[in-house]
Each structure stands twice: as structure tokens, then as C-alpha cells.
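S.K.: Pasting the relevant annotations from Swiss-Prot:
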type     : residues      : note
BINDING  : His83, His182 : heme b b562 binding site
BINDING  : His97, His196 : heme b b566 binding site
BINDING  : His201        : ubiquinone binding site
TRANSMEM : 33-53         : transmembrane segment
TRANSMEM : 77-98         : transmembrane segment
TRANSMEM : 113-133       : transmembrane segment
TRANSMEM : 178-198       : transmembrane segment
TRANSMEM : 226-246       : transmembrane segment
TRANSMEM : 288-308       : transmembrane segment
TRANSMEM : 320-340       : transmembrane segment
TRANSMEM : 347-367       : transmembrane segment
Amino acid sequence: MTNIRKTHPLTKIVNSSFIDLPAPSNISSWWNFGSLLGACLILQIITGLFLAMHYTADTTTAFSSVAHICRDVNYGWVIRYLHANGASMFFLCLFIHVGRGLYYGSFTLSETWNIGIILLFTVMATAFMGYVLPWGQMSFWGATVITNLLSATPYVGTDLVEWIWGGFSVDKATLTRFFAFHFILPFIITAFVMIHLLFLHETGSNNPLGIPSNSDKIPFHPYYTIKDLVGLILLILPLMTLVFFSPDLLGDPDNYTPANPLNTPPHIKPEWYFLFAYAILRSIPNKLGGVLALIFSILILAIIPLLQTAKQQSMMFRPLSQCLLWILVADLCTLTWIGGQLVEHPFIAIGQMASILYFSLILVIMPTVSLIENKMLKW
């Protein structure tokens, strides 16, 4: 008798994706982050759903409804902080996932990589709109500053901003539409994730050596399901530590003050996971130039496959490229730190140097060093 798992139309899809999927035998723990991202997405959707049951998207009651969730709803504070810190874990996994793709040359799977970039933009948009919902000072002013960037668009800039605001300033209409988009986008993200997996399973996964692994495959279950579960437990530990011991560690104290359009905070800054892009934006004195640099700082990932000059796909046996990638990581950490500092000397200069280094590394230095490494193969 044939197994229902392999014959039923629904279970057949699950079976070919997560059970009998042929996977390379040598993929390391760096490949765990895809499944961790899936777990984070599920956590965000579930906690978000429960928060939406008690939240009101109205400027007069939004702030107090969040306070009500934390004070009066059974375990509301746990749900709220799981959602807020879950977003931080989501982005941490995202950045590592992208970094692993760069290190091991996974960007050569172009469809999977491009859908991944679309996913990154969508998740960033969702997180930004979610940050506006508690309607604290940083929520309001963050929304004002970031949406105002669109006014740099030639000809239609002002109309575009007013269209997004639903008026002449960030107000009730803005909050309502941000809540609507914040609610629907995770489901759109889920659809994109399915397409991402579809394209990945068309080609098969990459591996640390960057060589074809068709000659040596193992079933996904039980080997990688157990491995992913270990990763999940190791992710839950820091998340729970954050939620139960210092839930506001990654937040901004200004967001515990209700939004006040008449009082600007001394330092407007987004959540930590946007600070690198925010630092790049601020390092350019021109408004339109800053906006373009901000967009290009993430969109640059799309042209990385075109800049691949190395003969080896993976960086595993390319020590110079490895060194440069870790310099890039250090540079991004520097940008993240700068994004959280005041706009004054010496932070302005450091931010500008770090921004120049970021683009130089990706566009010029790394492709050049890859060519040098190609020459070194003949020595």
C-alpha cells in the first residue's frame, strides 16, 4: 500500500518540500536561518493577530489601547513584547541569512535571490508601519520624517506625501491606513515566502563548498528537521530572555510619551535594524541624494550577481574575500552605531566614511579582489 504522505494532493506538497526533499549532505548551521525566519514570521502573525483584537487604530485611543493591552489583557504584556522583540529577532535572522548568501555565493540562484530582496523590502515596510502604531513620540515623528522623504521625488513629491498621509500631516487617516497595511502585509510576505521556496526547490540548495551536490543528497527529514529544531531552541532562548528580563532594551524611551505634533524629540531615530540605512541617508547632505542612497543601500543586493568575478562560487577557499566580507560586517555595525548618534562632529564624518566604504566594498573592492584571487589560483 502506498503511503498517503506521498499520494494525497495536499500532503504530497508538504512531503516534497519538508520530508523527502533531497538536501545537500554538508550544509552547515548557517543554513538554519531560513527555517528560523519562517518560525519568526509565524510568531509575528500569531502575536500580531492577538494584539489586533485589542488595538484601536485611532489617534485619540491608539496609545492608551497599547497601555490597556499591557495592563489589563491577560498576558497582554507578553504578547506585546514577544511581537516587538520578535521583530528584532526576525531582522537579526534576516541579516545573517543575507550574509550567508553573500559568503557562500547563494546569489547565483537568481530567482530565489531576487524574491529574497523583494521579501526584505516588504518586511522592512511592514516593520516601519508597525513602529508607527503605538502612537508614541518616536512613532509619530518617525512616520513624519520617513514619509517626508518621498517629497524629494521630482514633480510629484509633495502630492505623493499628502496622498500617503491622507491629509496635510501625519494624522488619523495615516494611522488607519498604516494599521490596514501592517495587518495585510505579513500574509503577502507568506505568499512571497512560498514563491521563494518554490524557486529554491527548483534548483536545490547551495552548500558551503559552492559545488554541485547532486552526487550526495540526504532526505530533509529527520536530519535537517532535528537540526532546525535545535536552531529554533537556540533562538527562543535569547528571545525569551529579552521578553522577560529587559523587554524595552531595544526600544526607545520616547515611545512611552504619547505623540505630540507640537513637541519634536531631540533625536529622531528608527528601530536598531534600520539604523544602518538611516546613517547612510543622513550622511548625504542633499535630500534626494540621501533618499537614493537609502534605497540603493538595499537594492545594491540585486546587482551583486552581476559583480561576481570570482571563479569559485563560495568564499570558503578565498581568504581575501572572506576578510573583506567581515570588514563589510564591521562597517554595517559602525553604520548602525552612527545611526543612533546625534548629528554632530565627529559622528557626521564617521558616518560619511562608513557609507563610502560600504558602497566601495560592494561595487569596487570585492570584485577587484576576486579577480586577484583568480590569478592566485594559477600560482
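Just so you know, glycine gets a Cβ as well, placed from its N, Cα and C.
Could you place the listed features in the three-dimensional structure?
M.R.: In the three-state DSSP scheme, His83 (heme b b562 binding site) falls into the helix class. Other Cβ atoms within 10 Å of the Cβ of His83 (heme b b562 binding site) number 21 in total over all chains.
Close to His196 (heme b b566 binding site) in the fold, though at least 6 residues off in sequence, lie Thr112, Ile115, Gly116, Leu119, each with a CB less than 8 Å from its CB.
When secondary structure is read from DSSP and collapsed to three states, His201 (ubiquinone binding site) falls in the helix class. In this view, His201 (ubiquinone binding site) is surrounded by 14 other Cβ atoms within 10 Å of its Cβ, with every protein chain counted.
Panel annotation: around the transmembrane segment (33-53), residues 69, 79-80, 82-83, 86-87, 89-90, 93-94, 96-97, 100, 182-183, 186-187, 189-190, 193, 228, 231-232, 235 of the same chain, lying at least six beyond its termini, place a Cβ under 8 Å from a Cβ of the stretch.
Only residues 6 or more beyond the boundaries of the transmembrane segment (77-98), in the same chain, are considered here, and those with a CB under 8 A from a CB of the stretch are 30, 33-34, 36-37, 40-41, 43-44, 47-48, 50-51, 66, 69-71, 116, 120, 123, 127, 130, 235, 238-239, 242-243, 247, 250-251, 271-273, 301, 332.
Long-range Cβ contacts of the transmembrane segment (178-198) within its own chain (Cβ-Cβ under 8 Å, at least 6 residues beyond either end) map to 17, 38, 41, 44-45, 48, 52, 55, 57, 112, 115-116, 118-119, 122-123, 125-126, 129-130, 132-133, 143.
Here the transmembrane segment (288-308) has Cβ contacts under 8 Å with residues 98, 102, 105, 107-108, 110, 113-114, 117, 120-121, 124, 149-150, 152-154, 276-278, 280-282, 355, 358-359, 362-363, 366-367, 370 of the same chain, all six or more residues outside its ends.
Distant neighbours of the transmembrane segment (320-340): 95, 99, 102-103, 269-270, 272, 274-280, 282-283, 310, 347, 350-351, 354-355, 357-358, 361-362, 365-366, 369-370, 372-373; these residues of the same chain sit at least 6 beyond its ends, with a Cβ under 8 Å from one of its Cβ atoms.
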S.K.: Using the alpha carbons only, what distance in Å do you get between His201 (ubiquinone binding site) and His83 (heme b b562 binding site) once rounded?
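M.R.: Cα-Cα, rounded: 30 Å.
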S.K.: Could you measure between His97 (heme b b566 binding site) and His182 (heme b b562 binding site) for me? Cα positions, answer in whole angstrom.
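M.R.: His182 (heme b b562 binding site) has its Cα 23 Å from the Cα of His97 (heme b b566 binding site).
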S.K.: Report, as numbers and ranges, which residues of the same chain sit near the transmembrane segment (226-246): CB under 8 Å and 6 or more residues beyond its ends.
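M.R.: Tertiary neighbours of the transmembrane segment (226-246) are 29, 32-33, 35-36, 39-40, 78, 81-82, 85-86, 88-89, 93.
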